[in-house]
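Structure, as structure tokens:
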Amino acid sequence: MELVCPAGNLPALKRAVDEGADAVYFGFQNTTNARQFAGLNFTDKRAREGIDYAHARGKRVFCAINTYPQPDGWAMWTRAVDQAADLGVDALILADMGLLDYAARRHPGLARHLSVQGSATSHEALRFYHDQFGIKRAVLPRVLSITQVRDLAKHTPVELEVFAFGSLCIMAEGRCYLSSYLTGESPNTRGVCSPAAHVRWEETPQGLESRLNGVLIDRYGEGENAGYPTLCKGRFEVGGETYHAIEEPTSLNTLELLPELHELGISAVKIEGRQRSPAYVSKVAGIWRQALDRLEVAPGRFHAEPAWMRGLGEVSEGATTTLGAYERRWK
Amino acid sequence: MSTPQTLQLSLGPVLFYWTRERYADFYREAADWPVEIVYLGESVCSRRRDMKLDDWLGIGRELAESGKQVVLSSQTLIESEADLRDLRKLCDNGEFSVEANDQSALQRLSAARVPFVAGAALNLYNPTTLTVLARVGMQRWNAPVEMSRDDLARLLADCRAEGLDHPCEVFAYGHLPLAWSSRCFTARRYQKPKDRCQFVCQKHPEGLALRSQESREVFTLNGIQTLSGACQDLRHEVPSMQEMGVGVARLSPRAEGMAEVVAAFDAARRGDLPAPDPLALIDAEICDGYWHGRPGMDNTRSASQS
């Protein structure tokens, strides 16, 4: 199984490679990728440097161009595809059907991976992307249970990559417009969710308040840990109860599922977090490398070491992790 | 610009989980409403099984006899083999066309060479994507809910320039469908696991309001689907839709007051718009932000009045 790690910048890319990533993924400095953060991502020059670094060590590099080309920006997205091809990346990670079509025609020899933003949750959907655009691999949305992944793996026409660790989107990715409803900017259109420019923190007599474009997302009492106001992880009132009505602040961690994912023939596990620090990437990549090496030697005797779980817990949102939708009772 | 063409009205699929009686009553009335197109079927959750495909086909036949164009909407989030089996039956119904709401449906319909309507969650943002879908049988398409008027006008113009003249449909009225999850938020509110949800959605024929701790309606929970907290109302934008060549305005059913909503849009498309009235058609927060290139929750009409 391939370990695919996030590279938000060149130092993160190098740390990931040094710590044992088999592949890294990056995006350009514009809205063509789903992690558009100030000061993050790659210029042409830095990308070239990163690709050389990875290739010199026998590692692969993927380029994420996984937002949806907007009516006034088609040329910016196709330029990103051409640029990635010129740089010599090993695969493109794409979501938009039009852009997949463009890449398949213009750069037929360059592997196309379907981004999680392409929302393919069944083998029929995978077959559509495969038949129409010749995708080689697909990243599965984080909404499927392990049983559903098993069914899908049985019939898939393409390689599968699943999320291993990191922030947990609990909506079917690529089909979530909650962020633009509140802020005007979404993952699809701008490569952002709950963007920082719309976040306000305020100390009030009721507690510390976090707001997104004026909408109160959460309010923290004394001693409570405040988290980033991702809109689906706030506390809201529904039918007279105030609670984490959509999801708690938590991270996805599927380390325990590795033997099963291995047995299903999953090709790659993906670490989320291009927006996180090089130190984070280095720590997470290192733990998963150890786990995958252990799995390789003796898949039947694999178990998640407490030290690994502790290490991952420390860098998780809310310092807790979940198996998310992989586990049926989470739903 | 050419003279404004006639804007068709459609009734979207009922997004909420109603009782059989409520569906039957609703569509019996809808048969007499001035809408040209009616979308039928359960597009949200596979656990909502009161209505079988045959029941929808029965309602469809009655509506077709009243002169409506009937379309069956496919489930948006397909997860299991059972979902795929139901999807196949729907796509192979042989009688009515289908609204494809995910790529599983696209695969089924394109492989069988059955023409289809492309749903809003397919993320159709550019002419190349629309060209791809036209190639595999698309007849009409829904704009993404988050697309602004200016972006849509540009997209329609670019499509026409490329010879793509498939009618475009806009979500003109109702709580906006914004997200789908494998988790059921209504069951979560009742502290029930999704597998044993006891169909609590049926207690909420217009969904369950999710409010901020300051009592602002932010979202509406509808099982695994999250809708907007405010109700989008683009009635006053009908003239601009006609001007830019939108083909169909979609009205999303609600449990009460839908006849009035349809009547108001029917009047609007005939040029009979009331002077901007601050009173909503029904008792709900109104929004129109997306259309104006703003956050979807914004209400530009109230802003211009204050």
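Glycine is no exception: its Cβ is also placed from the backbone N, Cα and C atoms.
Residue density at A:C176 ([4Fe-4S] cluster binding site): 26 other Cβ atoms are found within 10 A of its Cβ, drawing on all protein chains shown. Taken from TrEMBL, the feature [4Fe-4S] cluster binding site covers A:C169, A:C176, A:C193, A:C232.
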Around the Cβ of A:C169 ([4Fe-4S] cluster binding site), the count of other Cβ atoms that are within 10 Å
25
Three-class DSSP assignment, A:C232 ([4Fe-4S] cluster binding site), comes back as helix
With neighbours defined as other CB atoms within 10 A, the best-packed of the binding-site residues A:C193, A:C232 is A:C232
Using Cβ atoms and a cut-off of under 8 Å, determine which of the binding-site residues A:C169, A:C176, A:C193 neighbour chain B, and list them by sequence position, or give 'none'.
A:C176
